[in-house]
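Colleague: Have a look at this one before I ask anything.
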């Protein structure tokens, strides 16, 4: 399935993100909604750890257009609700996290788990189911190591399935390393990247920019399809009654 409009590839540091992908755990083609780095200020120097690409299913565009078409990139960037709609919308998402610096699975998964649990407890939605899902999540990563250029990939199903896969190169296809069934965990992974307290402001801003442009093009195409008949209709004489 082709994306709704033309999208371009992106490069973050030395890592390229293709315009479309067919990820593990999905039968669909997803388009690149945005990409950016994650980093931290360490001793006065900004250090980049990972490059992140966020992909969405084609049906995301009409879904998001209902509420967000006509908004500027800055308006979308500033809207917590917009990113919640991206995270929770009824369409597939795929996130590729490529390491710029070496990272162990334990380091990565424990930080993600910590953020998820803190968020759930803060909003009162943490249950035993989430606790078990987190344990499975930690187990998947426990013995993994990720040298520079390796990728951690998440396919998020609207049904609540989180497919996790790993690659030592830029491949995004192949078999899944694990599938965890928990809707809150599935959504929390992407939320931790582009949500209110997301770890990648760069990816968040880029998603807003690219999606705003896609919605603008989608709206323009819709207007071109329906505009002409509407114009012709307006020329029909009105007969008084």
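In case you wondered, yes, glycine gets a Cβ from its N, Cα and C as well.
Quick paste from Swiss-Prot:
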BINDING   50, 115, 192  substrate binding site
SITE      108  site 'Important for catalytic activity'
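Could you give the neighbours, burial and distances for every feature on this list?
Modeller: Cβ neighbour count for residue 50 (substrate binding site): 26 (other Cβ atoms within 10 Å of its Cβ, all protein chains included).
Under DSSP, residue 108 (site 'Important for catalytic activity') is assigned to a helix (H, G or I) in the three-state scheme.
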Colleague: Under DSSP, is residue 192 (substrate binding site) helix, strand or coil?
Modeller: helix
Colleague: When you average the Cβ positions of 50, 115, 192 for the substrate site, which other residues in that chain have a Cβ within 8 Å of that mean position?
Modeller: 38, 111, 112, 189, 193, 198, 199, 200
Colleague: If you skip the near sequence neighbours and keep only those at least six away, which residues in the chain come within under 8 angstroms of residue 115 (substrate binding site), Cβ to Cβ?
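Modeller: Those within reach of residue 115 (substrate binding site), by Cβ under 8 Å and sequence separation of 6 or more, are 188, 192, 197, 199.
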